[in-house]
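**Q** Sharing the feature lines straight out of Swiss-Prot:
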type    : residues                       : note
BINDING : Gly161, Gly163, Lys164, Thr165 : ATP binding site
REGION  : 1-73                           : region 'Domain I, interacts with DnaA modulators'
REGION  : 73-116                         : region 'Domain II'
REGION  : 117-333                        : region 'Domain III, AAA+ region'
REGION  : 334-460                        : region 'Domain IV, binds dsDNA'
Amino acid sequence: MEISIDSLWSQVLERLQIELSRPTFETWIKTANAERLENNCLVIITPNPFARNWLQKYYITTIANVVQSILGHPVEIYITVAKGEEFEEIGGGGAWELPTTNSIYETPNQNRQPNTELNAKYVFSRFVVGANNRMAHAASLAVAESPGREFNPLFLCGGVGLGKTHLMQAIGHYRWEICPDSKIFYVSTEQFTNDLITAIRNDSMQSFREHYRAADVLLVDDIQFIEGKEYTQEEFFHTFNTLHEAGKQVVIASDRPPNQIPSLQERLCSRFSMGLIADIQAPDLETRMAILQKKSEYEKIRLPRDVIEYIATNFTSNIRELEGALTRALAYISIWGLPMTVANLAPVLVTPTEKIAATPEAILTVIADNFDISVEDLKSNSRRREISWARQIGMYLMRQHTDLSFPRIGEEFGGKDHTTVLYSCDKIAQLVESDRGLSQTLRQLSDRIKMNSRSRKPSL
């Protein structure tokens, strides 16, 4: 009896949905499609090479067995990638144009005692997937399902408030659901350093090492703060090696890629880069709206679509800022007993699209710190390549974040001519259109400038 390809694949999906866990099915199977069955070969199309490789490695036998049970005879399975969906490396937010389906994964069992370091809200079910974070989400789920097998280490990279910590802790929650006895350690780099200092002070280094090296999954947040801490880097290097050699999973999060962390030991940079570096970009409008919709659902509040659109359109930097705006809106409406309308929310939702008053001093400090040079170097007439490059980026960002004219920017950089500033700004503007790494660097520097400027703002 002949069967159409659509009917066959529908039956395959129906059976796999029962056989596999919901996260596995939603992430790896549901996004694939059967293209044709000919010459006893079933051709399956995946949205990207990442998904293809994962299916080939872990699920091709399962799929083949299900197809055989339906057709009554064995068939060869060939998995390929949809045309035009080639894998892009870091920064390729637009490369992952999968159907936007926000799978609802099971919330962790509330009866078990979780690690107190893990936020109960940071689970896969509450993470909204979009083109900006799809690769990081898929990699995190893969690690959660099979730690130590692929992507070890997994290095999550992205600006402030984009979901790195959420994904890391979701991995921890998911592992505990599968294996409650797993030793899941989530720690910030600052806490790792503090524990190390305490161990040295108390002469308990052996206990410190045994503790961290006993982890089944080690989740380390904000690794960029390891810069300049030589002894911390030394200890983390050996901890990393011990876990990796034992097949244990290491997940690291940072606001920048390993090769952009100043004063990071080369051997650590090499190890951080040996797995998968998954970049998370700022969410697009559709994803921001989905985030607001999901958060309102968890808060059991119905938001008018125009309110969602207004908040999503005006709060664009990161998820933390977006959710903060929603929280302020809900509090304001609740306190004053007003209808939920854009007009009523206008007084409390002062949009951050206004240019933050970044000072030239703050920008110079951030640039100097990032490129490991001094502010005096930036203001000097040195033509050394690294100083000249940092100076050009600084001029470009000062133009972006202040209202200073080209001559005034030149003055801030030690009295440079306005034509020098103009040339630098034009050069960086042209390069950023084709250099994804530079674009990411500029975003990260802009985030730091904004944070630096906020911290310098006097209290009212």
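Backbone N, Cα and C define each Cβ position, glycine as well.
Given the structure is predicted, the values throughout are model-derived calculations rather than measurements.
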**Q** Which has the fewest other Cβ atoms within 10 Å: Gly161, Gly163, the binding-site residues listed?
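**A** It is Gly161 that, of the binding-site residues Gly161, Gly163, has the fewest other Cβ atoms within 10 Å.
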**Q** Taking the mean position of the Cβ atoms of Gly161, Gly163, Lys164, Thr165 as the ATP site, which residues outside that list, in the same chain, have a Cβ no more than 8 Å away, listed in sequence order?
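**A** Result: Gly158, Val160, Leu162, His166, Leu167, Ala253, Ile280, Asn318, Ile319, Arg320.
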**Q** What is the three-state DSSP composition of the region 'Domain I, interacts with DnaA modulators' (1-73), stated as helix, strand and coil residue counts?
**A** 45 helix, 12 strand, 16 coil
**Q** To see if you understand the setup: which same-chain residues, six or more apart in sequence, place their Cβ under 8 Å from that of Lys164 (ATP binding site)?
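**A** Listed in sequence order, they are Ala136, Leu156, Cys157, Gly158, Asp221, Ala253, Ser254, Ile280.
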